[in-house]
Structures are given as structure tokens and as C-alpha cells.
Amino acid sequence: MNLTIPFAKGHATENDFIIIPDEDARLDLTPEMVVKLCDRRAGIGADGILRVVKAADVEGSTVDPSLWFMDYRNADGSLAEMCGNGVRLFAHWLYSRSLVDNTSFDIGTRAGVRHVDILQADQHSAQVRVDMGIPDVTGLSTCDINGQVFAGLGVDMGNPHLACVVPGLSASALADMELRAPTFDQEFFPHGVNVEIVTELEDDAVSMRVWERGVGETRSCGTGTVAAACAALADAGLGEGTVKVCVPGGEVEVQIFDDGSTLTGPSAIIALGEVQI
């Protein structure tokens with residue numbers, strides 16, 4: 001039997017998501033439903049789904065049961081621990097729909113609690129800062145894309161990343177690069193990995209492209225921008241700093257500290273509707 005549910009469509013630096021409000025936790029969102037909804041020809045189309053639910057209703061959640069929980073699913077139906085762009089859009093939705101009372105609040109994720117600050121917001125657009133936690137540098141590894149080997153820094157942001165700073169790579173050459181699914185060290189990354197190709201730090205800025213596990217290339221990846229900033233700073237011999245990260249979908253600001261990191265960037269809610277699943 002077909003089920004009709006409300007949805008919203010939004011994006012954060014063109015990393016796009018379907019928001020499914022499920023405050024009463026009545027929807028059994030299966031992987032098959034996710035794949036169908038995220039299909040860009042037969043469905044609504046998105047890089048993933050953000051289900052809005054209380055942490056108390058999420059199996060395996062380890063956060064405060066009273067928190068709103070970002071139940072994030074990749075476009076292939078798999079569960080994902082964390083999504084920095086998704087958190088900004090999720091926070092925008094909660095605040096603009098009066099599901100929270102303050103501009104500063106916590107959100108539950110499978111990677112733990114993320115604190116957010118709404119810097120500006122209306123029903124359609126917002127600027128949001130997210131406390132992304134301490135980047136966990138896991139070591140050095142490599143990947144192969146189209147027969148070219150890239151060396152990178154393993155960074156765990158609640159989800160796994162391999163951020164590859166490429167010496168001498170220009171922003172224009174990066175834009176022209178043919179990016180395909182990478183092969184990687186499966187012992188180093190047993191649960192798969194998101195791969196970022198990054199230019200060297202110049203004038204406190206880098207350019208980045210990303211291949212996300214379970215999705216493919218996306219226009220942006222929030223956790224990936226933090227991993228990229230961390231790798232670029234390390235490549236430049238720096239332990240902390242503020243980095244503008246330029247992605248195909250726009251720009252974000254990443255701050256890396258000794259004891260944490262933040263991600264600041266835009267969010268947009270572009271459509272509301274109903275869909276049969």
C-alpha cells in the first residue's frame with residue numbers, strides 16, 4: 001500500500017537532502033524507500049535523507065533521548081554517522097519550524113552530539129555554525145583514482161575521510177580532473193571512506209572535491225571540508241587556523257583549534273510537498 005508523507009527539499013552548499021519530518025516516529029524508513037526517494041530521475045533526487053525524529057525513538061542512539069536526532073541516510077540506503085552539511089540544514093529546519101526555542105542548541109547524531117549556533121535564519125535561508133568536535137587524525141594512507149595514486153591524511157570526523165593535499169594542483173586543474181570511485185586500503189578503512197582531493201593552502205584558502213561513500217561525487221561534504229582543512233594546515237606545518245574551503249557548491253569557513261573545530265556555512269530550504277512511497 002502506498003503511503004503519502006510530507007517532505008522538504010534543501011541543500012547546504014549544494015549538498016542536497018530530502019527532509020522527512022517524523023516527530024512521532026511512525027515511519028519505518030527502509031533502505032529501499034531511501035533509494036527510491038533519492039533517485040534523481042524516478043524520485044525527488046538527493047544526496048541523502050534527513051529524518052527528523054527524537055533520539056529516544058532511534059535504535060542504538062547514545063545521546064540524550066530528549067534531543068532532536070538527525071537520522072541521516074546515504075542515497076544508497078545505508079546509515080551514516082555524521083554529515084556536516086546535513087547538520088546545518090537540519091538545524092535550519094528545527095529553528096525555522098519552531099521545533100527549538102533558542103538559536104544555540106544540541107543535535108543528536110550517530111557520531112554523538114553536535115552543538116549548533118544559528119547566526120541568521122528565516123524560513124528559506126540560514127547561516128549556521130556547527131561544533132564539529134576534535135578531528136581524529138588516524139594516520140597516512142593512499143588511494144587510487146583513474147590509475148593515479150594520491151597520498152593523504154586519514155581523518156575521522158565521526159565518519160572516515162582520506163584528505164589528499166596534492167602538491168602543485170591548481171583550482172582549475174582540480175575542476176578539470178575526472179573524479180571516479182577510488183580504490184583504497186580496506187584494512188585502514190574497513191567501513192569505507194570519503195575521499196577529498198585538495199589544493200595546497202594559499203591565502204588561508206583551499207579548493208576541494210569529494211567522493212562520498214554510498215553516494216559518489218557530491219557538490220560539497222561538510223565533514224570533508226573539516227578533514228580537508230585539517231590536512232591542508234598540517235601540510236603547511238600548522239596545527240590550527242581558519243581556512244576558507246571552496247567546493248563546487250560554494251564556500252564554507254572551517255576553524256581548527258587544539259581542542260576542536262567548527263564549520264560555518266549556508267543552508268537553504270527550497271521546496272515543501274508530499275510524496276508517495
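Each Cβ is built from the backbone N, Cα and C atoms, and glycine gets one as well.
Keep in mind it's a predicted model, so treat the numbers as computed, not measured.
Classification of Asn159 (substrate binding site) by DSSP places it in coil, neither helical nor stranded. According to Swiss-Prot, the feature substrate binding site maps to Asn15, Asn74, Gly84, Asn85, Asn159, Asn194, Glu212, Arg213, Gly222, Thr223.
The feature active site, proton donor is assigned by Swiss-Prot to Cys83. In the three-state DSSP classification, Cys83 (active site, proton donor) falls within coil.
Classification of Cys221 (active site, proton acceptor) by DSSP places it in coil, neither helical nor stranded. Residues or ranges marked as active site, proton acceptor in Swiss-Prot: Cys221.
Cα to Cα, Asn15 (substrate binding site) and Cys83 (active site, proton donor) are separated by 10 Å.
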